[in-house]
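Listed in TrEMBL for this protein:
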- 4-379: domain 'Major facilitator superfamily (MFS) profile' (DOMAIN)
- 7-30: transmembrane segment (TRANSMEM)
- 42-63: transmembrane segment (TRANSMEM)
- 70-88: transmembrane segment (TRANSMEM)
- 94-116: transmembrane segment (TRANSMEM)
- 128-148: transmembrane segment (TRANSMEM)
- 160-181: transmembrane segment (TRANSMEM)
- 201-222: transmembrane segment (TRANSMEM)
- 234-256: transmembrane segment (TRANSMEM)
- 268-299: transmembrane segment (TRANSMEM)
- 358-375: transmembrane segment (TRANSMEM)
Amino acid sequence: MDKRVYLLTIITFIVGLVELIIAGILPLIATDLGVSLGEVGMLISLFSLSFAISGPVLLSLTAKIERKRLFLFVLFVFFLSNLMIVVMDGYVSLLVGRVLSAMCAALLISLCLTIASQISGEKYRARAIGIVLMGVSASLVFGIPFGLWLGNEFSWRAPFLFISILTLIIMIVVYFALGPIEAKRGLPLKEQLKALKNRKIVLVQLTSILFFAGHMSLYAYLTPFLSETMSITGNSLSLIYLIIGIVAVCGSFLGGQITDRLGAKRSIIIVLSAFIVTIILIPYLQFSLALFICALLLWNLLSWSLQPAIQSYLVSAAPETSDIQQSLNNSGVHVGMAIGSTVGGIIIDQYHVEINPLIAGGFTCIALLIILAAFKQKRK
């Protein structure tokens with residue numbers, strides 16, 4: 001497998017940090033800027049929305065630009081957007097910086113995924129995608145505690161300064177280590193989006209949305225779930241988050257390995273089926289802490305094992321529009337996370353947090369039925 005894949009993984013990790021690193025320091029920002037927690041919380045929602053919309057559009061608009069040159073330019077803008085947050089005062093400048101960094105992150109992660117599949121060949125495609133996604137999952141998992149530590153030790157601006165420094169370093173590495181990568185000859189955005197008329201492609205994209213909606217309907221409220229069901233709080237809770245975070249990162253690698261060996265279709269069905277059984281069983285395993293923790297670990301392992309198979313399948317099912325499909329899929333993941341978090345919150349307010357795993361299982365059951373329908377569709 002091409003060694004440049006590991007450089008792409010580092011890029012996705014650094015870029016991915018900026019999304020949720022702010023979550024742990026919301027009170028610090030609100031106090032310093034004199035705004036409400038709700039207003040600061042909007043910075044996360046706005047980031048996700050900007051990320052979801054801009055990724056496919058920017059990838060298409062920059063389709064003809066040589067990839068190394070594009071990497072360096074977008075990394076530089078990403079550096080400036082985070083530096084803006086560090087040096088400028090006021091809520092508006094923070095808002096602008098977050099939107100710019102979201103747009104850059106969306107394009108950079110899309111580039112990393114498409115280039116990984118391009119340079120690795122069919123034999124190692126899913127494995128390469130899985131390794132690159134390890135950077136994304138690791139950044140989402142460790143961004144919150146790392147940002148919280150830096151914010152409390154120094155200032156809420158410290159995490160963004162740290163990301164700025166890392167970005168400068170990776171720019172230097174990219175300049176010397178990446179080498180020129182010619183842009184693929186692609187179709188215009190209008191033509192690429194016509195692929196969404198293919199029912200098979202639409203169903204596959206919808207599968208990712210529903211899967212992550214299911215995952216986040218429990219994961220977003222894991223703290224109250226663990227507290228109310230197993231009385232897990234404090235340091236024990238932090239330890240569990242750390243362990244399941246490490247396991248989730250391993251899930252991306254495992255998903256790539258399984259897909260390369262078994263094929264995308266079989267891998268998708270296996271992961272979805274195992275995920276459904278695991279997450280539905282979780283609330284019924286409270287009688288045994290060991291079994292309960294094992295189920296939590298398996299659930300989070302599976303949570304990031306699906307994407308390598310989904311992305312690999314999209315590349316093979318729609319090779320002529322694979323770049324835009326991978327980017328749309330990445331956007332779909334964020335849409336699914338937003339849906340799951342919203343639905344999970346409604347369930348907690350109206351019913352009880354113990355119902356959330358069943359809701360998650362319901363989302364994923366629908367995802368499994370949809371992907372099975374997609375596999376029966378003939379390519380048009």
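For all residues, glycine too, the Cβ spot is worked out from N, Cα and C.
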>> Counting only residues 6 or more past its boundaries, what in the same chain has a CB within less than 8 Å of a CB in the transmembrane segment (234-256)?
In response: 126-131, 133-134, 136-138, 141-142, 145, 222-223, 226-227, 267, 271, 293, 296-297, 300-309
>> Would you say the transmembrane segment (268-299) and the transmembrane segment (160-181) are in contact under the rule of three or more C-beta pairs closer than 8 Å, pairs 6 or more apart in sequence?
In response: no
>> If you count every Cβ pair below 8 Å, which range out of 7-30, 42-63, 94-116, 268-299 shares the most with the transmembrane segment (70-88)?
In response: 94-116
> Does the chain bring the transmembrane segment (201-222) near the transmembrane segment (94-116), so that three or more CB pairs sit under 8 Å (pairs 6 or more apart in sequence)?
Replying inline: no
> Between 42-63, 94-116, 358-375, who has the most Cβ pairs under 8 Å to the transmembrane segment (268-299)?
Replying inline: 358-375
